[in-house]
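Here the structure is laid out as C-alpha cells; the discussion comes afterwards.
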Amino acid sequence: MTITHAVRPVSSSGSPGPGQLPRNLWPLFRFGFVRIGQSVLTLAVLVPATFLLFRAVPGDPAAAVIGPDVDPAVAEQLRQRYGLDDPLPMQFQSYCQALLHGDLGMSFQYKVPVTDVLGEALINTAVLVVPAIILAVLIGVWLGAFAATSRPRVDGGLRTSAFVVKASPVFWVSTLALMLFGLILGLVPSIGMFSPGRADGGTFWSWDFLHHLLLPLSILVMYYLVEPMLTMRTAMNDVLGQEFIAHGKAQGLAASRIIYRHGARNAMLPVVTLAPTLVDNVIGGQVIVETVFSWPGMGRAVVEAVNNFDYPVMQGVFLLTAVTVVAVNATVDVMYAYLDPRVRLA
C-alpha cells in the first residue's frame, strides 16, 4: 500500500473523498447554473431596493449639486439635467437603462461619472485589501494548524490573542497604531498612499508606497487572520481524530508530514467557506481603516459621499459591494461542491 492510500480518508458509502473529481460532472454544472440563476435573481431584487433606499434618505440631493446661492433659473436647469424633477418611476427607468450600459450616473460632488470616481478608488482599495486577505489566510491557516498541534498553553495563548483582537474596535486599534508608530515613533508615514510633492506622482512599486502601505496592511491582516485561524484550528482538531491519521502514524510517517500534508489538506474545506465572511470583514474594516489612514479607496469614497449626500456614488458603491458579495458566495458554493462531492448536487 502506498503512502497516499494509507492516509486518504475513504467514505463508508464508497463515494469519492474530498478533492476527487466527480465521475459525472453534469450535477456540478447544473448546481453551478442554479447558483448563477439565484445570483441574478438576487441582484434583480437588490437594484430597485438600492435605488429606493437612497431616495428615501432624508435630505435634498439637489443642494449638493446646485448649492444654496444659485439663481433659481440655473437651479431649474441643473435639476432637469440630473433628472431630479422627474417622477420616481421615470428616474428608475433611466437608471436601469444607464446601468445596462455600465453607466452609474454622475457624481453630485465631483461632477464626473461615478465610474471615474470609483475606478481609481477601487484600484486603491484592491492594492490594500487583496494582499491583506492573502496574507491573512496564509498566516491564519498556519497558526490554526500550529495551535491544534501545540501544547495546551500555546494553544490557549493563541486563542486568547485571537479573541482579544476580534473584540477590539478597529477604529481604536487603528488610531492607537497611527499615533504610536506614525506620530510618536515616526517609523511609518501617518496618512495617505504617497508622500506629498513627489515628482513621479508615486507608483505601487515604489518604496514610498510600500512604506505607507505597511501600517494599514498590518492592521487589516491582524483582523482578517482571526477567522481562518480559529476555523482551521477546529477543523484540524476534528481531522486529527480520524482513522486515516492513526493509520499514517502506524505506517511510520513523519509527524510533520501527517499533520501538514495530509491533515491540513483535509481540514482546508471549512476554510474555503470563510470567503463570504472575509468579504464582510473587508467591507466593515476597510471603511474604518481607510478613513483613519486617509487612504483614497472605496471606504473613504463612501464616507465622503455620505457627508456630501452624493447618492449616485453611494449607489455605485452599494451595487459593486452587492455584486461582489453575491459573486463570492456563488463561487464558494460551487468550489465547495467540487472539492467535496459528498455535497448534495442533485
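Even glycines carry a Cβ here, placed using N, Cα and C.
All TrEMBL annotations are machine predictions without curation.
Marked as transmembrane segment by TrEMBL: 33-54 (among others). Same-chain residues lying 6 or more positions outside the transmembrane segment (33-54) and placing a CB less than 8 Å from one of its CB atoms are 91-92, 95-96, 99, 311, 314-315, 318-319, 322-323, 326-327, 329-330, 333-334.
Taken from TrEMBL, the feature transmembrane segment covers 121-148 (among others).
Residues or ranges marked as domain 'ABC transmembrane type-1' by TrEMBL: 122-336.
According to TrEMBL, the transmembrane segment annotation covers 169-189 (among others).
The list of residues near the transmembrane segment (209-226) in space but at least 6 beyond its ends in sequence, with Cβ under 8 angstroms from a Cβ of it, reads 127-129, 131-133, 135-137, 139-140, 143, 162, 165-166, 170, 173-174, 177-178, 181-182, 188-189, 192-195, 202-203, 278, 281-282, 285-286, 289-290, 292-293, 295. Annotation comment: TrEMBL describes 209-226 (among others) as transmembrane segment.
The transmembrane segment annotation in TrEMBL covers 267-289 (among others).
What TrEMBL records for 317-339 (among others) is transmembrane segment.
With a threshold of 8 Å between CB atoms, the same-chain residues lying at least 6 positions outside the transmembrane segment (121-148) that come near it are 154-155, 158-159, 193, 204, 213, 216-217, 220-221, 223-237, 240, 259-260, 263-264, 267-268, 271, 274, 278, 282, 286, 289-290, 295-301, 320. Outside the transmembrane segment (169-189), and at least 6 residues removed from its termini, the chain residues within Cβ reach (under 8 Å) are 195, 211-212, 214-216, 218-219, 222-223, 284-285, 288-289, 292-293. Beyond its flanks by at least six residues, the transmembrane segment (267-289) meets 18, 125, 128-129, 133, 136-137, 141, 145, 170-171, 174, 216, 219-220, 223-224, 227-228, 231-232, 234-236, 238-239, 295, 297-300, 302-303, 321, 324-325, 328-329, 331-332, 335-336, 339-340 of its own chain at Cβ-Cβ distances under 8 Å.
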